[in-house]
(Lines of atoms letter the chains of each structure in order from A and count residues from 1; the text may use other names and numbers.)
(Lines give C-alpha, C1' and ligand atoms only; values in the text may rest on other atoms or scores of the structure.)
Protein backbone atom coordinates (compact mmCIF):
# COMPACT_ATOMS: atom_id res chain seq x y z
CA UNK A 1 0.00 0.00 0.00
CA UNK A 2 1.42 3.35 -0.98
CA UNK A 3 1.78 5.97 1.65
CA UNK A 4 1.40 9.71 1.30
CA UNK A 5 4.52 11.45 2.52
CA UNK A 6 3.62 15.12 2.86
CA UNK A 7 5.82 16.79 5.46
CA UNK A 8 3.91 19.57 7.14
CA UNK A 9 4.85 21.62 10.16
CA UNK A 10 3.23 21.40 13.57
CA UNK A 11 2.23 25.05 13.15
CA UNK A 12 0.27 24.22 9.97
CA UNK A 13 -1.56 21.36 11.71
CA UNK A 14 -2.45 23.59 14.68
CA UNK A 15 -3.55 26.34 12.30
CA UNK A 16 -5.90 23.98 10.43
CA UNK A 17 -7.33 22.59 13.67
CA UNK A 18 -7.87 26.10 15.07
CA UNK A 19 -9.58 27.38 11.91
CA UNK A 20 -11.78 24.29 11.67
CA UNK A 21 -12.80 24.69 15.32
CA UNK A 22 -13.62 28.39 14.99
CA UNK A 23 -15.51 27.92 11.71
CA UNK A 24 -17.52 25.03 13.18
CA UNK A 25 -18.41 27.13 16.24
CA UNK A 26 -19.43 30.10 14.08
CA UNK A 27 -21.44 27.79 11.80
CA UNK A 28 -23.41 26.36 14.74
CA UNK A 29 -24.31 29.82 16.05
CA UNK A 30 -25.20 31.18 12.60
CA UNK A 31 -27.26 28.10 11.77
CA UNK A 32 -29.21 28.46 15.01
CA UNK A 33 -29.91 32.09 14.14
CA UNK A 34 -31.24 31.31 10.65
CA UNK A 35 -33.44 28.47 11.93
CA UNK A 36 -35.00 30.46 14.79
CA UNK A 37 -35.48 34.00 13.43
CA UNK A 38 -36.51 33.52 9.80
CA UNK A 39 -40.19 34.03 8.96
CA UNK A 40 -39.88 32.08 5.73
CA UNK A 41 -37.86 29.03 6.74
CA UNK A 42 -35.56 27.72 4.01
CA UNK A 43 -35.21 24.04 3.17
CA UNK A 44 -32.19 22.67 5.01
CA UNK A 45 -31.83 19.89 2.41
CA UNK A 46 -31.27 22.44 -0.37
CA UNK A 47 -28.67 24.24 1.76
CA UNK A 48 -26.74 20.98 2.17
CA UNK A 49 -26.89 20.40 -1.58
CA UNK A 50 -25.67 23.93 -2.40
CA UNK A 51 -22.85 23.46 0.12
CA UNK A 52 -21.66 20.36 -1.75
CA UNK A 53 -21.71 22.27 -5.05
CA UNK A 54 -19.68 25.15 -3.58
CA UNK A 55 -17.13 22.76 -2.06
CA UNK A 56 -16.79 21.10 -5.47
CA UNK A 57 -16.23 24.44 -7.24
CA UNK A 58 -13.65 25.57 -4.67
CA UNK A 59 -11.82 22.24 -4.94
CA UNK A 60 -11.75 22.57 -8.73
CA UNK A 61 -10.27 26.06 -8.36
CA UNK A 62 -7.64 24.88 -5.88
CA UNK A 63 -6.71 21.97 -8.14
CA UNK A 64 -6.27 24.42 -11.03
CA UNK A 65 -3.96 26.53 -8.85
CA UNK A 66 -2.05 23.44 -7.71
CA UNK A 67 -1.45 22.11 -11.24
CA UNK A 68 -0.21 25.51 -12.41
CA UNK A 69 -1.34 25.36 -16.04
CA UNK A 70 -4.51 24.75 -18.00
CA UNK A 71 -3.00 21.73 -19.76
CA UNK A 72 -1.97 19.95 -16.55
CA UNK A 73 -5.31 20.87 -14.98
CA UNK A 74 -7.27 19.27 -17.84
CA UNK A 75 -4.99 16.23 -17.78
CA UNK A 76 -5.50 15.79 -14.03
CA UNK A 77 -9.29 16.01 -14.35
CA UNK A 78 -9.30 13.64 -17.31
CA UNK A 79 -7.07 11.08 -15.61
CA UNK A 80 -8.41 11.17 -12.05
CA UNK A 81 -12.09 12.06 -12.51
CA UNK A 82 -13.46 11.46 -16.00
CA UNK A 83 -11.19 8.49 -16.69
CA UNK A 84 -11.35 6.86 -13.25
CA UNK A 85 -14.85 5.50 -12.57
CA UNK A 86 -13.33 3.05 -10.07
CA UNK A 87 -11.91 5.93 -8.01
CA UNK A 88 -15.24 7.76 -8.19
CA UNK A 89 -16.98 4.67 -6.85
CA UNK A 90 -14.37 4.38 -4.10
CA UNK A 91 -15.06 7.95 -2.95
CA UNK A 92 -18.84 7.48 -3.19
CA UNK A 93 -18.66 5.11 -0.20
CA UNK A 94 -18.32 7.87 2.46
CA UNK A 95 -21.21 9.86 0.95
CA UNK A 96 -23.51 6.83 0.95
CA UNK A 97 -22.47 5.78 4.46
CA UNK A 98 -23.02 9.31 5.80
CA UNK A 99 -26.48 9.30 4.20
CA UNK A 100 -27.26 6.04 6.02
CA UNK A 101 -25.89 7.55 9.24
CA UNK A 102 -28.15 10.62 9.01
CA UNK A 103 -31.22 8.48 8.38
CA UNK A 104 -30.37 6.12 11.24
CA UNK A 105 -29.83 9.07 13.57
CA UNK A 106 -33.27 10.42 12.68
CA UNK A 107 -34.83 6.97 13.21
CA UNK A 108 -33.07 6.64 16.58
CA UNK A 109 -34.24 10.06 17.74
CA UNK A 110 -37.80 9.11 16.77
CA UNK A 111 -37.67 5.99 18.97
CA UNK A 112 -35.55 7.08 21.94
CA UNK A 113 -35.80 9.81 24.54
CA UNK A 114 -33.66 12.84 23.65
CA UNK A 115 -31.44 12.33 26.71
CA UNK A 116 -30.80 8.67 25.86
CA UNK A 117 -30.06 9.64 22.26
CA UNK A 118 -27.57 12.32 23.35
CA UNK A 119 -25.64 9.88 25.52
CA UNK A 120 -25.56 6.90 23.15
CA UNK A 121 -24.77 8.93 20.02
CA UNK A 122 -21.53 10.18 21.57
CA UNK A 123 -20.23 6.62 21.39
CA UNK A 124 -19.19 7.66 17.87
CA UNK A 125 -16.08 9.21 19.48
CA UNK A 126 -14.58 5.96 20.87
CA UNK A 127 -15.94 4.13 17.81
CA UNK A 128 -13.87 6.41 15.58
CA UNK A 129 -10.80 5.66 17.70
CA UNK A 130 -11.48 1.92 17.42
CA UNK A 131 -11.88 2.15 13.62
CA UNK A 132 -8.62 4.09 13.49
CA UNK A 133 -6.81 1.27 15.29
CA UNK A 134 -8.41 -1.52 13.25
CA UNK A 135 -8.42 0.04 9.78
CA UNK A 136 -5.19 2.04 9.84
CA UNK A 137 -3.00 -0.27 11.96
CA UNK A 138 -2.35 2.41 14.55
CA UNK A 139 -1.81 2.08 18.27
CA UNK A 140 -3.11 4.40 20.97
CA UNK A 141 -1.55 4.62 24.41
CA UNK A 142 -3.58 3.98 27.56
CA UNK A 143 -3.57 7.72 28.25
CA UNK A 144 -4.93 8.42 24.77
CA UNK A 145 -7.77 5.92 25.29
CA UNK A 146 -8.54 7.58 28.63
CA UNK A 147 -8.64 10.99 26.94
CA UNK A 148 -10.96 9.66 24.20
CA UNK A 149 -13.52 8.36 26.70
CA UNK A 150 -13.08 11.50 28.80
CA UNK A 151 -13.90 13.54 25.70
CA UNK A 152 -16.98 11.38 25.14
CA UNK A 153 -18.17 12.07 28.70
CA UNK A 154 -17.40 15.77 28.38
CA UNK A 155 -19.46 16.15 25.19
CA UNK A 156 -22.36 14.30 26.82
CA UNK A 157 -22.32 16.72 29.77
CA UNK A 158 -21.96 19.79 27.55
CA UNK A 159 -24.99 18.79 25.46
CA UNK A 160 -27.03 17.40 28.35
CA UNK A 161 -30.56 18.72 28.70
CA UNK A 162 -32.89 17.43 31.42
CA UNK A 163 -35.79 15.38 30.14
CA UNK A 164 -39.04 17.34 29.98
CA UNK A 165 -42.46 15.87 30.57
CA UNK A 166 -44.78 15.96 27.58
CA UNK A 167 -48.47 15.33 27.15
CA UNK A 168 -47.98 14.05 23.63
CA UNK A 169 -47.93 10.27 23.56
CA UNK A 170 -45.73 8.93 20.78
CA UNK A 171 -45.38 5.24 20.11
CA UNK A 172 -41.70 4.34 20.33
CA UNK A 173 -39.67 1.19 19.88
CA UNK A 174 -36.55 1.34 22.10
CA UNK A 175 -35.13 -1.81 20.49
CA UNK A 176 -35.41 -0.21 17.04
CA UNK A 177 -33.96 3.01 18.42
CA UNK A 178 -30.90 1.33 19.94
CA UNK A 179 -30.37 -0.68 16.77
CA UNK A 180 -30.51 2.50 14.69
CA UNK A 181 -28.11 4.36 17.00
CA UNK A 182 -25.66 1.45 16.84
CA UNK A 183 -25.68 1.58 13.03
CA UNK A 184 -25.32 5.39 13.08
CA UNK A 185 -22.33 5.19 15.44
CA UNK A 186 -20.62 2.53 13.32
CA UNK A 187 -21.30 4.49 10.13
CA UNK A 188 -19.82 7.65 11.65
CA UNK A 189 -16.60 5.92 12.67
CA UNK A 190 -16.24 3.87 9.49
CA UNK A 191 -16.93 6.67 6.99
CA UNK A 192 -14.50 9.11 8.57
CA UNK A 193 -11.66 6.61 8.89
CA UNK A 194 -12.34 5.16 5.42
CA UNK A 195 -11.94 8.63 3.89
CA UNK A 196 -8.75 9.15 5.89
CA UNK A 197 -7.37 5.84 4.63
CA UNK A 198 -8.12 6.76 1.02
CA UNK A 199 -6.44 10.15 1.46
CA UNK A 200 -3.29 8.76 3.06
CA UNK A 201 -2.88 5.57 1.05
CA UNK A 202 -1.79 7.28 -2.16
CA UNK A 203 -0.10 10.42 -3.43
CA UNK A 204 -3.25 11.60 -5.22
CA UNK A 205 -3.93 15.30 -4.67
CA UNK A 206 -6.26 16.17 -1.79
CA UNK A 207 -8.29 18.36 -4.15
CA UNK A 208 -8.72 15.51 -6.63
CA UNK A 209 -10.03 13.33 -3.79
CA UNK A 210 -12.38 16.10 -2.72
CA UNK A 211 -13.70 16.50 -6.27
CA UNK A 212 -14.31 12.76 -6.49
CA UNK A 213 -16.17 12.73 -3.17
CA UNK A 214 -18.21 15.90 -3.74
CA UNK A 215 -19.45 14.67 -7.12
CA UNK A 216 -21.04 11.66 -5.43
CA UNK A 217 -22.10 13.87 -2.52
CA UNK A 218 -24.08 16.12 -4.86
CA UNK A 219 -25.93 13.12 -6.29
CA UNK A 220 -26.73 11.76 -2.81
CA UNK A 221 -27.93 15.13 -1.48
CA UNK A 222 -30.05 15.79 -4.58
CA UNK A 223 -31.80 12.45 -4.09
CA UNK A 224 -32.29 13.24 -0.40
CA UNK A 225 -33.65 16.70 -1.23
CA UNK A 226 -36.16 15.26 -3.69
CA UNK A 227 -37.33 12.54 -1.30
CA UNK A 228 -37.63 14.86 1.72
CA UNK A 229 -38.92 18.15 0.30
CA UNK A 230 -39.55 17.54 -3.40
CA UNK A 231 -43.23 18.50 -3.39
CA UNK A 232 -42.73 21.72 -1.38
CA UNK A 233 -39.67 22.73 -3.40
CA UNK A 234 -41.67 22.32 -6.60
CA UNK A 235 -44.33 24.62 -5.14
CA UNK A 236 -42.12 27.26 -3.45
CA UNK A 237 -38.81 27.04 -5.33
CA UNK A 238 -35.37 25.62 -4.59
CA UNK A 239 -34.05 28.82 -2.98
CA UNK A 240 -37.19 29.61 -0.98
CA UNK A 241 -36.39 31.49 2.24
CA UNK A 242 -32.77 32.20 1.33
CA UNK A 243 -31.31 35.39 2.84
CA UNK A 244 -27.81 36.82 3.17
CA UNK A 245 -27.56 35.04 6.52
CA UNK A 246 -28.44 31.70 4.93
CA UNK A 247 -25.75 32.21 2.30
CA UNK A 248 -23.31 33.04 5.10
CA UNK A 249 -24.18 29.74 6.80
CA UNK A 250 -23.61 27.89 3.52
CA UNK A 251 -20.26 29.67 3.13
CA UNK A 252 -19.20 28.62 6.63
CA UNK A 253 -20.30 25.03 5.97
CA UNK A 254 -18.29 24.97 2.74
CA UNK A 255 -15.12 26.37 4.30
CA UNK A 256 -15.53 24.08 7.30
CA UNK A 257 -15.91 21.04 5.07
CA UNK A 258 -12.75 21.86 3.13
CA UNK A 259 -10.73 22.45 6.30
CA UNK A 260 -12.07 19.18 7.68
CA UNK A 261 -10.59 17.30 4.73
CA UNK A 262 -7.25 19.07 5.28
CA UNK A 263 -7.32 18.16 8.98
CA UNK A 264 -8.08 14.51 8.17
CA UNK A 265 -5.28 14.48 5.59
CA UNK A 266 -2.57 15.94 7.81
CA UNK A 267 -3.70 14.90 11.31
CA UNK A 268 -6.40 12.27 11.87
CA UNK A 269 -10.09 11.65 12.60
CA UNK A 270 -9.52 11.51 16.35
CA UNK A 271 -8.08 15.03 16.32
CA UNK A 272 -11.06 16.05 14.20
CA UNK A 273 -13.30 14.73 16.98
CA UNK A 274 -11.45 16.78 19.60
CA UNK A 275 -11.78 19.85 17.39
CA UNK A 276 -15.52 19.26 17.00
CA UNK A 277 -15.90 18.97 20.79
CA UNK A 278 -14.05 22.25 21.30
CA UNK A 279 -16.35 23.85 18.71
CA UNK A 280 -19.41 22.67 20.68
CA UNK A 281 -18.06 24.36 23.82
CA UNK A 282 -17.23 27.60 21.96
CA UNK A 283 -20.60 27.74 20.18
CA UNK A 284 -22.44 27.20 23.48
CA UNK A 285 -20.49 30.05 25.10
CA UNK A 286 -21.33 32.24 22.09
CA UNK A 287 -25.01 31.28 22.42
CA UNK A 288 -24.92 32.46 26.04
CA UNK A 289 -23.87 35.93 24.89
CA UNK A 290 -26.05 36.12 21.76
CA UNK A 291 -29.21 34.20 22.68
CA UNK A 292 -29.24 34.39 26.49
CA UNK A 293 -28.65 30.66 26.96
CA UNK A 294 -28.08 29.73 30.60
CA UNK A 295 -24.83 28.07 31.66
CA UNK A 296 -25.53 24.91 33.67
CA UNK A 297 -23.34 22.94 36.06
CA UNK A 298 -23.30 20.01 33.64
CA UNK A 299 -22.01 22.30 30.87
CA UNK A 300 -19.23 23.68 33.08
CA UNK A 301 -18.16 20.18 34.11
CA UNK A 302 -18.35 18.93 30.53
CA UNK A 303 -16.32 21.86 29.19
CA UNK A 304 -13.66 21.17 31.83
CA UNK A 305 -13.52 17.50 30.83
CA UNK A 306 -13.21 18.45 27.15
CA UNK A 307 -10.29 20.78 27.91
CA UNK A 308 -8.52 18.19 30.08
CA UNK A 309 -9.01 15.46 27.47
CA UNK A 310 -7.57 17.69 24.73
CA UNK A 311 -4.53 18.39 26.93
CA UNK A 312 -4.01 14.71 27.75
CA UNK A 313 -4.32 13.61 24.12
CA UNK A 314 -1.83 16.28 23.08
CA UNK A 315 0.90 15.17 25.47
CA UNK A 316 4.11 13.95 23.76
CA UNK A 317 3.48 10.55 22.26
CA UNK A 318 4.10 8.41 19.22
CA UNK A 319 2.90 10.13 16.04
CA UNK A 320 -0.53 8.75 15.10
CA UNK A 321 -1.18 10.88 12.03
CA UNK A 322 0.40 8.49 9.50
CA UNK A 323 -0.70 5.01 8.53
CA UNK A 324 1.62 2.53 10.16
CA UNK A 325 3.33 -0.07 8.02
CA UNK A 326 2.67 -3.74 8.66
CA UNK A 327 5.12 -5.54 10.94
CA UNK A 328 6.43 -7.54 8.00
CA UNK A 329 7.61 -4.37 6.28
CA UNK A 330 9.72 -3.18 9.19
CA UNK A 331 13.46 -2.94 8.77
CA UNK A 332 15.20 -6.19 9.70
CA UNK A 333 18.80 -7.00 10.42
CA UNK A 334 20.03 -9.67 8.02
CA UNK A 335 22.91 -11.79 9.19
CA UNK A 336 25.41 -12.84 6.56
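Keep in mind that glycine also has a Cβ here, set from the backbone N, Cα and C atoms.
As written in Swiss-Prot, here are the features:
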TOPO_DOM  1-9  topological domain 'Cytoplasmic'
TRANSMEM  10-30  transmembrane segment
TOPO_DOM  31-45  topological domain 'Lumenal'
TRANSMEM  46-64  transmembrane segment
BINDING   55, 101-102, 117-124, 188, 210-214, 272  CMP-N-acetyl-beta-neuraminate binding site
TOPO_DOM  65-87  topological domain 'Cytoplasmic'
TRANSMEM  88-108  transmembrane segment
TOPO_DOM  109-114  topological domain 'Lumenal'
TRANSMEM  115-135  transmembrane segment
TOPO_DOM  136-141  topological domain 'Cytoplasmic'
TRANSMEM  142-160  transmembrane segment
TOPO_DOM  161-175  topological domain 'Lumenal'
TRANSMEM  176-196  transmembrane segment
TOPO_DOM  197-209  topological domain 'Cytoplasmic'
TRANSMEM  210-228  transmembrane segment
TOPO_DOM  229-243  topological domain 'Lumenal'
TRANSMEM  244-262  transmembrane segment
TOPO_DOM  263-269  topological domain 'Cytoplasmic'
TRANSMEM  270-288  transmembrane segment
TOPO_DOM  289-296  topological domain 'Lumenal'
TRANSMEM  297-315  transmembrane segment
REGION    316-336  region 'Disordered'
TOPO_DOM  316-336  topological domain 'Cytoplasmic'
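Contact check: the transmembrane segment (88-108) against the transmembrane segment (244-262) gives fewer than three Cβ pairs closer than 8 Å, residues 6 or more apart, which falls short of the contact criterion. Taking H, G and I as helix, E and B as strand and the rest as coil, DSSP gives the topological domain 'Lumenal' (109-114) the counts 4 helix, 0 strand, 2 coil. Of the two recorded stretches, the transmembrane segment (270-288) does not lie close to the transmembrane segment (210-228), with fewer than three CB pairs under 8 Å once pairs fewer than 6 apart in sequence are set aside. Each of the binding-site residues 120, 210 was scored by the number of other CB atoms within 10 A of its CB, and the lowest score belongs to 120. In terms of DSSP helix, strand and coil, the topological domain 'Lumenal' (289-296) has 3 helix, 0 strand, 5 coil.
Taking pairs at least six residues apart, the transmembrane segment (115-135) and the transmembrane segment (176-196) share three or more Cβ pairs below 8 Å and count as touching. For the transmembrane segment (46-64), the neighbouring stretch richest in Cβ pairs under 8 Å, chosen from 10-30, 142-160, 210-228, 244-262, 297-315, is 210-228. Among the stretches 142-160, 210-228, 244-262, 297-315, the one making the largest number of Cβ pairs under 8 Å with the transmembrane segment (10-30) is 244-262. With respect to Cβ pairs under 8 Å, the transmembrane segment (297-315) is most closely packed against 142-160, considering the stretches 142-160, 210-228, 244-262.
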